[in-house]
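Features of the protein shown, as given by TrEMBL:
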- 33-51: transmembrane segment (TRANSMEM)
- 109-198: domain 'Cytochrome c' (DOMAIN)
- Cys122, Cys125, His126, Met264: heme c 1 binding site (BINDING)
- Met173, Cys219, Cys222, His223: heme c 2 binding site (BINDING)
- 206-287: domain 'Cytochrome c' (DOMAIN)
Amino acid sequence: MAHHDDIDEVSGVSTTGHEWDGIRELNNPLPKWWLYVFYASIVWSVGYYFVYPSWPMVTDYTRGFLGYSQREAALADHAAGIETRMAAGAGLSDASIAEIQATPELLTFAMANGKAAFGDNCAPCHGSGATGSKGYPNLQDDDWLWGGSLEAIEQTIAVGIRSTSDDTRLSDMPAFGRDELLDKDQIRLVANYVRSLSGLETAADLDLAAGGQVYAENCAACHGETGEGNPELGAPRLSDAIWLYGSDQATIVETVTNSRMGVMPTWTGKLDPITIKSLAVYVHNLGGGQ
Ligand code: HEC
Ligand code: HEC
């Protein structure tokens, strides 16, 4: 039977008297450092108790000398956040897009705003990186159907292209084949000629000069004498390596036969003016702004 002033033979320390299956508990004093930390934390807790809210009461709680409240602190943070956003938002609504572009704080805010709105509204068609895909233009390059200035981009977003807006950007390339404006041979010839405008290989069995003739009579009015395009009409440049639908002979034949008439929705009414401005600034700054 263990006894509390029993001395353990191995360590020479007295035991507490507790014994389990022959293992006896030594009565070692607590380490000094541990005790001091323990006392210090008692002192700290008393101080904390008076300074900060601590003790629950029936309908309330003790507030502490500082009167601090996490709830109020969070509400204040939130209010400050809203105020900054409102200030920046007011800044955006008053400023022209050129001013936004020229003012670093407004630009930062507009870019963040535009990026978020782009992900929500534009990425499904233009891709999350705005690099586009067949029929959906890449918005990162400096090749623009309807112009790449801030104002032109804002206008495109606001009214859309072949959209339901009364002010929509509109230009209809005729469906030369379907509407029998050109026959199949003429379309093959002109498609071959279009390839030559950007230095692509042409077919030996198709008369290039004859294709050029068809082009001058039917296409140059919109796409330009040398295929340089026309942003007034949304007519793509045909003399570069960037293609909305594709540059192979069969794709061009299809484009000329049936026309494409890509549709970009109007965002007026769906997005507020500040968001539209932010999007214009964002798209312009993707790299291809003019
Ligand atoms: C339903 C698909 C669709 C959605 C959604 C869409 N677009 Fe477009 N967008 C198009 C198409 C198609 C074109 C090209 C139309 C054409 O052939 O002229 C276009 C063209 C554009 C152009 C003109 C590019 C140029 O080269 O001139 C801009 C700028 C643009 N979109 C921005 C946006 C922004 C910003 C959003 C989001 C608010 C958006 N688009 C959402 C389909 C879409
Ligand atoms: C009324 C103006 C107009 C005329 C005339 C016109 N086009 Fe177009 N063309 C456009 C527009 C606008 C587009 C933009 C595509 C769309 O509809 O989405 C386009 C697109 C194209 C494309 C697609 C380019 C790409 O990047 O994929 C080709 C190719 C093309 N046209 C060739 C021709 C040829 C060849 C003719 C003459 C036979 C012609 N176009 C006549 C306005 C015109």
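Positions of Cβ are set from backbone N, Cα and C atoms, glycine also.
These numbers come from a predicted model, not from an experiment.
Distribution of TrEMBL features across the structure.
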residue : record                : CB count, 10 Å
Cys122  : heme c 1 binding site : 22
Cys125  : heme c 1 binding site : 15
His126  : heme c 1 binding site : 20
Met173  : heme c 2 binding site : 18
Cys219  : heme c 2 binding site : 22
Cys222  : heme c 2 binding site : 18
His223  : heme c 2 binding site : 22
Met264  : heme c 1 binding site : 22
Shell of the heme c 1 site beyond Cys122, Cys125, His126, Met264, same chain only (C-beta within 8 angstroms of their C-beta centre): Asn121, Ala123, Pro124, Tyr136, Leu139
Other same-chain residues whose Cβ falls within 8 Å of the Cβ centroid of Met173, Cys219, Cys222, His223, the recorded heme c 2 site, in sequence order: Asn218, Ala220, Ala221, Leu233, Ala235, Leu238
Residues Cys122, Cys125, His126, Met264 binding heme c 1 per the record - widest CA separation, whole Å: 10
In three-state DSSP terms, the structure that Met264 (heme c 1 binding site) belongs to: strand
Spatial separation of Cys122 (heme c 1 binding site) from Cys222 (heme c 2 binding site) - C-alpha basis, Å: 27
DSSP three-state assignment for Met173 (heme c 2 binding site): coil
Cα proximity to Met173 (heme c 2 binding site), best match among binding-site residues Cys125, His126, Met264: Met264
Average pLDDT across the domain 'Cytochrome c' (206-287), rounded to a whole number: 96
Close-lying binding-site residues around ligand 2 among Cys125, Met173, Cys222, Met264, where CB distance stays under 6 Å: Met173, Cys222
Cα-Cα distance maximum in Å, computed over every pair in Met173, Cys219, Cys222, His223 that the record assigns to heme c 2: 10
Residue pair His223 (heme c 2 binding site), Cys125 (heme c 1 binding site) - Cα distance, angstrom, rounded: 25
